[in-house]
């Protein structure tokens with residue numbers, strides 16, 4: 001079975017009927033409440049919105065308003081998604097969104113029960129995070145041409161992402177005020193508004209300094225860089241003085257990977273974060289320290305990287321031990 005690509009899912013969504021006003025209002029109220037209560041990021045809220053609007057459009061009022069749907073209606077929708085080749089991981093995420101949404105509906109008094117709790121939750125496999133080798137990382141980081149302001153900016157972004165293990169959303173939204181060059185640290189606001197301090201190595205500080213002194217003024221054409229809608233001045237900008245998008249950064253990484261002979265389908269912004277974690281563990285980093293650097297709420301999320309490190313040790317043993 002071939003799973004649907006992102007573009008195919010978007011095209012399918014456009015074929016669905018328009019959102020009913022009552023459902024649109026319900027979704028908006030729920031997202032506002034989630035933002036106030038949990039401080040969810042814009043990216044997470046947009047994901048919630050897409051999932052809830054997808055269900056609402058599919059239902060189109062047939063089984064009643066969105067907030068009143070029953071377990072059979074939800075099961076019908078999940079069955080339809082499976083027939084449309086949505087991935088098990090995507091459907092598992094939808095179940096999580098539905099639990100949150102209907103819990104909010106109960107809090108608001110729109111219903112007395114949470115129908116999503118009656119849905120079966122299949123056990124999903126936990127694929128190991130993909131990481132590049134250290135030599136591949138070195139080649140990828142050196143791929144941008146530093147002769148142009150854009151290339152120098154991209155080099156600094158790649159260096160920073162790998163040095164600090166940032167999520168791509170954290171990188172592109174990073175305010176300049178969160179960089180402390182004197183102490184060589186970043187203050188990162190991660191998922192759920194959780195803050196963490198991340199130290200920077202000499203190499204990433206070198207490229208950041210070059211970006212700030214050479215590329216950033218050139219990209220801004222020496223104009224003052226305005227604050228965004230959140231009141232923050234972005235660290236990384238384009239020629240329109242705006243922060244960069246995740247999609248732009250994704251395309252650049254694919255392009256640079258192809259330039260240095262790495263299969264583009266094996267590279268994504270998150271692969272740099274996985275590589276950061278894997279390489280630290282391979283060199284003896286403490287798991288609790290890695291948890292803090294990555295900004296994970298639970299140590300169990302961080303522990304998956306130990307499996308990759310264990311594989312690395314097994315490979316070394318097999319290659320170099322006389323009885324390997």
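Each residue, glycine too, has its Cβ placed from N, Cα and C.
Straight from Swiss-Prot, the features:
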type     : residues : note
DOMAIN   : 21-106   : domain 'Core-binding (CB)'
DOMAIN   : 127-318  : domain 'Tyr recombinase'
ACT_SITE : 167      : active site
ACT_SITE : 191      : active site
ACT_SITE : 270      : active site
ACT_SITE : 273      : active site
ACT_SITE : 296      : active site
ACT_SITE : 305      : active site, O-(3'-phospho-DNA)-tyrosine intermediate
Item to check | Top Cα neighbour of residue 273 (active site) in the set of active-site residues 167, 191, 296 | outcome: 167
Checklist outcome for this item: Candidates 167, 191, 270 (active-site residues) passing the 10 Å Cα cutoff around residue 296 (active site) are 191
Next on the checklist: Between residue 167 (active site) and residue 191 (active site), how many Å separate their Cα atoms?
Outcome noted: 10
Next on the checklist: I want to check the contact list for residue 191 (active site): same chain, sequence separation of six or more, C-beta distance under 8 angstroms. What comes out?
Outcome noted: 40, 41, 44, 167, 295, 297
Item to check | pLDDT averaged over every residue in the domain 'Tyr recombinase' (127-318) | outcome: 85
Checklist entry - What does DSSP call residue 270 (active site) in the simple three-state scheme? => result helix
Item to check | Candidate with sparsest Cβ neighbourhood (10 Å radius) among 167, 270, 273, 296, the listed active-site residues | outcome: 270
Checklist outcome for this item: Using DSSP three-state counts, the residues of the domain 'Core-binding (CB)' (21-106) come to 71 helix, 0 strand, 15 coil
Item to check | DSSP state at residue 191 (active site), helix/strand/coil | outcome: helix
